[in-house]
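For reference, TrEMBL has these:
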type	residues	note
BINDING	B:ASP102, B:LEU103, B:THR104, B:ARG132, B:GLN146, B:ASP150, B:ARG294, B:TYR298, B:TYR299	L-histidine binding site
DOMAIN	B:1-397	domain 'Aminoacyl-transfer RNA synthetases class-II family profile'
2 protein chains.
Amino acid sequence: MAQKPSIPKGTRDFSPLEMAKRNYIFDTIKQVYQLYGFQQIETPAMETLGTLMGKYGEEGDKLLFKVLNSGDYLSKVTPEELAERNSLHLAAKLCEKGLRYDLTVPFARYVVMHRDELQLPFKRYQMQPVWRADRPQKGRYREFWQFDGDIVGSDSLLNEVELMQIVDTVFTRFGVRVQIKINNRKILTGIAEVIGAAEKIVDITVAIDKLDKIGLDNVNQELREDGLTDEQIEKLQPIISLEGTNDEKLNTIADVLGSSETGLKGVEETRFILDTLKALGLKNEIQLDLTLARGLNYYTGAIFEVKALDVQIGSITGGGRYDNLTGIFGMPGISGVGISFGVDRIFDVLNALDCYPKDATNGTQLLFINFGEKETAYCLPSVSKAREAGIRTEIFPDSTKMKKQMSYANAKQIPYVALAGENEMAAGKLTLKNMESGEQSLVTIDEIIKTIQG
Amino acid sequence: MAQKPSIPKGTRDFSPLEMAKRNYIFDTIKQVYQLYGFQQIETPAMETLGTLMGKYGEEGDKLLFKVLNSGDYLSKVTPEELAERNSLHLAAKLCEKGLRYDLTVPFARYVVMHRDELQLPFKRYQMQPVWRADRPQKGRYREFWQFDGDIVGSDSLLNEVELMQIVDTVFTRFGVRVQIKINNRKILTGIAEVIGAAEKIVDITVAIDKLDKIGLDNVNQELREDGLTDEQIEKLQPIISLEGTNDEKLNTIADVLGSSETGLKGVEETRFILDTLKALGLKNEIQLDLTLARGLNYYTGAIFEVKALDVQIGSITGGGRYDNLTGIFGMPGISGVGISFGVDRIFDVLNALDCYPKDATNGTQLLFINFGEKETAYCLPSVSKAREAGIRTEIFPDSTKMKKQMSYANAKQIPYVALAGENEMAAGKLTLKNMESGEQSLVTIDEIIKTIQG
């Protein structure tokens, strides 16, 4: 019996126009990565649960899609384990594999497994879907794409500089104005050190982040409620009200951090990155923002985030430095720094601003109308000739009504249509119709090729 | 505790060189599809089991990777169902989704779900991984790639012609000599009809296929063992010993098929396809082969298969016409014809013949050596300038030993290295080293760009 088909919730089909736009995004980012010497890798959709579990927190473990073992998957499960009905425990018995949750953990696993063949520093990009059993909502999918670039095996801050240049170049090529925000985990650690409240650093950044919304008094009140003493809050005042250029901000922070070696190291790193970028000249603004605290437990140095200026959508790219990515897989001491482009959100931004180039769709350029067997036989060599010249060409396969063929051309937005009837065949030519202007002319296939190639 | 990581059996990591080669394969096929007006779609990795189950036979159902329901997946299972320990039955309770097994069923599902927005005929290509819980062995993976092209909504044989042109163009661009084999399901049906043994057609093609290996007497013996009468075998003799050009073969077949309308329709279709292709001129040979019987129950018209001439590896591309793909999803009467490129085998063939173009790797073209902070600051604007000119450029991020940096250049096969010390800085120039010839020269960044751009 025929069923009405559907797809799993939170997943999507991509139709030709969407694919063309997505490919434009992927290709643009890819080309910029390549310009900076990054090389592509791919890892399997399925990883062992040993690789995935415990890497994304308790919540993450629950959001992993687990793949049922094939064959008699019940053979390793005792009747007692079944009767227990403990979903989490039983899943570990029923499943050995899960779907990739991000590209970072598989990359760490890759680096460890391929250590002997890798030339460090290793600059890789990777563009693959990831899967999370999150509750689907607007803009949040269960299957979505990440486009990561990382450099592992080098402590140099030039890597941070290059990643910012990559971000700047990518969004400039897209024609999207962005603000790049930068922070440094070491500065945050330093602040916590000097006020003597290391465990409060998350609360502090959360409170400071509300300054614009709730005002200084309320921020201070919130800090008090978070358990900070008046003395600690007093020391934080220059940080909370931090203003001015990046240089001015760094000077203020350095003052506050006075005695913290870690904190001053963070200031120095940030200064180098910002100074170098200033000398090279970015197209987009880069701003020091101490409230930027993404993945705090994960990053150990610079932290980045990118926001679109003309669309309200949250972070569209982010990243930072991590000092021990591969440690979890038994290979300590490899430092890395990376960024991740949020392709689905970038797609939304480019749609909102309608900034796809006209030729991004790679659509058909020339359609031959099908008037019947004889006319088709006459046209086919010209069809081949156009394709040999690199023109994306179709001949309508069925000799249906002219109207249907023309509406096919319109629906596919094909700019040129060629046709041949008695007159054209007698003249050894074709009629070429410009679908935009409506203009028609009797020409040879060579002239058609020349016209379309511009 | 650190674990030694691994990946699920039958899956693969793809390292930069492999990725570059695979991208060359994907891009080449993609460009040819586009040249013929095909448009790309993508479907989700997970489909509902309702979409997948029952489409690939009983064996296929077992080979589907099923995804455990998220959350409390046990809540819908009764204690009795658990106690029953029936793997297949229980799986249907534990799992609602499975991983894509091929691209054909998801495409049929796509056409049905998007019927209102599709302009027929719809020419789509799709290039995505599929997953099968097959026993892994050499050349057979649990995650592998398919690259399908299909035209649905048109009965015209011009579609068959175009698919053969696409195959011919793709392998010509690869520089791989192939033999294209063509058959027609209707001819096979006709043969079965005229000898009055419709249910024996698979046995017959299997036996005929052995002619070269075991000789005519043994083929006839096998047919006898398959239960054919002497009279039936007698009638088959011209078919078994079929020889000559495609035209001669078609004439012989037409003689044998005499009274079978279906069979003669198959001859006529094949004749049109072959005649049209002859007029257009293929680079590779196309041969009528009655033993070609792939997916017999699935195809209803033309059947194709492609074999490499210079590498022993089996079929590397195949396809055919099917008359009711979307019927299973409640949308009857849509005819389609398609081909599928076996990307993993094509990769093996191109490796065996070493026919990747030199520039397929998109590797770094220019490396700046890092001598320290001052030299780096001097080089960075030139690095940017090279990239702006489209040259894939790196600067080594750490100022380590020259030897290490040069071996990095060698390992990544970077053709040019630039360096700047005191002398170069004083002259406002750079030393450019051609890594192949060893030649060095003192030049400006503009000259370097000109040299590399050729």
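Note that the numbers count up from 1, one per residue, in the order the chain is shown.
Note that Cβ sites are derived from N, Cα and C of the backbone, with glycine treated the same way.
TrEMBL: automatically predicted annotations, no manual curation.
Summarising the environment of B:ASP102 (L-histidine binding site), the number of other Cβ atoms within 10 Å of its Cβ, over all protein chains shown, is 18. Under DSSP, B:THR104 (L-histidine binding site) is assigned to a helix (H, G or I) in the three-state scheme. In this structure, the binding-site residues under consideration are B:THR104, B:GLN146, and the one with the smallest number of other Cβ atoms within 10 Å of its Cβ is B:GLN146. Taking Cβ-Cβ distances under 8 Å and a sequence separation of 6 or more, the neighbours of B:TYR299 (L-histidine binding site) in its chain are B:ARG185, B:GLY320, B:ARG321, B:TYR322. In the three-state DSSP assignment, the secondary structure recorded for B:GLN146 (L-histidine binding site) is strand.
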